[in-house]
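Worksheet: the structure to be examined is printed underneath.
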Amino acid sequence: MKTLLFTILRSVLRSLARATLWRYKPTVIGVTGNVGKTSTKLVIETVLIHEKRVRASSRSFNNELGLPLTILGSWKTTGGALFWLRVIFFSFFRLMMKRSSYPEVLVLEYGVDKPGDMQYLLSIVRPHIGVVTAIGDVPVHVEFFAGKEAIVKEKAKLIQQLPATGFALLNTDDVVVQSMREQTRAHVVTFGFAEQADMHITNFATSFENKIAAVTFKLHYGGSFIPVRIEGVLGRPQGYAAAVAAAIGLIFGMNLVDIAEALDDYHAPPGRLRVLRGVKETTVIDDTYNASPLAMEGALAALKGVRAKRKIAVLGDMLEIGKYAMDAHESLGRVAAKSAHILITVGRLGK
């Protein structure tokens, strides 16, 4: 019975979302990858909101229910029969009574847990702009896939189905992501620390001034550059997210100066390399949201770059990586040995 109700609900949400897109015709930006999707999505929203009415998916609304929910509205709470009835009622109302406040731009997160997920999400909406953040050497959500290649193939569908007039933003520092550039008809824009990147990140540094943590760097594009400072966070992932947002800002006609000013407004969400004040003059780097190998390595790299008398890494298990689990944890242990003075592990695999 529950399976039948879920199937009906999924079908209704899909139909309502497609009808809403037809009614309002927003520009859709799709973000996928193994890490950095949520932060990238939020930085894009931070930049574009200065020029357009923008809605980015809440939390990790990136699946067969979450993606259409984002298209249909902004929801503070979810779950329960009354909630879904409310969603359906208000969605029909918005279709009947066209509202000028509907977003001009939707920033959607495309998540993949099993084969067929990406194609289903693309059956709801194919984005005009596609972003692949990073894939890495060790795949996540691998239980339902034959291997890494199958996951990459699934995520690449986002880029393959972009229109010829669209844009594909690809991480030039990730070999797997770069291989996707041959699979799209869209205009390709690369970003990263590699010198050949179209949106090139340089002079990346971490600072602690007056007990305020920040990352600073420069973004270069077409012979010009802007300095960027993002407070309250650490790690190179911030540079990648800002580079994507800057490139998309340019696509929407913004200039680099306005983009730099918009980036000043960005505040990282909880659990994404946020810097918090701890007790007894300690500093906590909160990267608890994601425990994939690529995310863990990024967090340890951020810790390594911090000047401190004593650094303590507290790491939990990395789940959903199947046969790669043992090797990935051993590899991460070697990285931790070079990044922290003390390592505390939580979970069976961490041992």
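Using the three backbone atoms N, Cα and C, a Cβ is placed for every residue, glycine included.
These features come from TrEMBL:
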type: DOMAIN; residues: 102-247; note: domain 'Mur ligase central'
type: DOMAIN; residues: 271-347; note: domain 'Mur ligase C-terminal'
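Residue counts of the domain 'Mur ligase central' (102-247) by helix, strand and coil are 44 helix, 50 strand, 52 coil (DSSP-based).
Averaged across the domain 'Mur ligase C-terminal' (271-347), the predicted model reaches a pLDDT of 75. Note: the domain 'Mur ligase C-terminal' (271-347) comprises 28 helix, 18 strand, 31 coil (DSSP; helix = H, G, I, strand = E, B).
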